[in-house]
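According to Swiss-Prot, the protein has these features:
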- 26-46: transmembrane segment (TRANSMEM)
- 71-91: transmembrane segment (TRANSMEM)
- 93-113: transmembrane segment (TRANSMEM)
- 138-158: transmembrane segment (TRANSMEM)
- 166-186: transmembrane segment (TRANSMEM)
- 197-217: transmembrane segment (TRANSMEM)
- 234-254: transmembrane segment (TRANSMEM)
- 261-281: transmembrane segment (TRANSMEM)
- 287-307: transmembrane segment (TRANSMEM)
- 335-355: transmembrane segment (TRANSMEM)
Amino acid sequence: MLYQWLYSMADEFSPLNVFRYITVRTFIAFFTAFLLCWIWGPHFIKRLQLKHFGQAIRDDGPQTHKKKAGTPTMGGGLILLSTLIPCLLWVDMMNPLVWGVLIVTWGFGLIGYMDDWLKVSKKNSKGLSGKIRLAGEFLISGLVVAALVHFHGLSTAVTIPFMKSVSIDLGYFYVIFAALVVVGTANAVNLTDGLDGLAIVPVMISAATLGLFAYVTGHFSIANYLQIPHVVGAGELSIVAATIVAAGMGFLWFNAYPAQVFMGDVGSLSLGGFLGSMAVITQNELLMLVLGGVFVVEALSVITQVISFKMTGKRVFKMAPIHHHFELGGLTETKIIVRFWIISILLAVLSLATLKLR
């Protein structure tokens, strides 16, 4: 909103014309979000400590995690607040795509908050009922996607990565498909958030990549040149993505091993919802399988473990999600984390390659 006020005075003071450029506002929003998160961080963490919002640790988890008991959780609230203010200042809030992403992000964050609250208040790791959580996530994502399709003309066609001008129009079924993408991404990120800094960096990498996709899909000339779908107004989402990356960096300052704070479900679900909604709006739903490969593998490891145990009584992994399997296999926590970061970078580069390799 601030940028609109500044830009409105451009006739009297021509240098203010720079605020009409998405790139300029992206850089300003980035540093605004980082500074807010970095400055607020110590105060936010202290507040969580005073309220005794400590993390409950699973009894069946790795023994090395016992020392993490009591570490403040619900730090995802710091990320959300640090992104909201820059968005209100530097993003066009009249853009329906922006509202769609923010509603999903904050809606999923609210579900995560309720889940975290139940965990810290009851001092166990159970939290909100899985059925209630999933119902809320599908309701929010389904309504947002349906509204964007009906009122904004969001395409119901699903593009195929690495293939030029190939898409499948799902029609009315697209809303269900898109909701599955958003909910699946959110819960995959949630499962990944089990080690210090493990989830936030892949989230930042994915957000930066999707932010770039948002910029090019929102730019008619670039989208036409690359022969990718053009989504009117998607460029503004690159600013939102920049705030997520920046706030993530600010959060990592405190979340890096050994963590001073955990993001909790309020963080993992909201950030996962953000990534899923960005993938849907930029029409990169299937590409998320590549870009979010780390999240996909983590989720599949849990699904495989559950199915195997129910059908055969045996476990495929020593413990799921798979990062715990590696921990119990003797790898140190920091080595697992950094290797997952490296994999995320490689997958992001591969995803960006689809812009030309079609």
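Just so you know, the numbers here start at 1 and follow the chain as drawn.
Positions of Cβ are set from backbone N, Cα and C atoms, glycine also.
Note that this is a predicted model, so its numbers are computed, not measured.
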Proximity of the transmembrane segment (166-186) to the transmembrane segment (287-307), 3+ C-beta pairs under 8 angstroms: yes
Contact call for the transmembrane segment (93-113) against the transmembrane segment (197-217), three or more Cβ pairs under 8 Å: no
Chain residues in Cβ proximity to the transmembrane segment (138-158) (below 8 Å; excluding those fewer than six residues from its ends, i.e. six or more beyond): 96-97, 100, 103-104, 107-108, 111, 167-172, 174-179, 182-183, 229, 231, 233, 273, 276-277, 280-281, 283, 285-286
Highest-contact recorded stretch vs the transmembrane segment (287-307), from 234-254, 261-281, 335-355, CB pairs under 8 Å: 335-355
Selected stretch (most C-beta pairs under 8 A with the transmembrane segment (335-355)) from 26-46, 71-91, 197-217, 234-254: 197-217
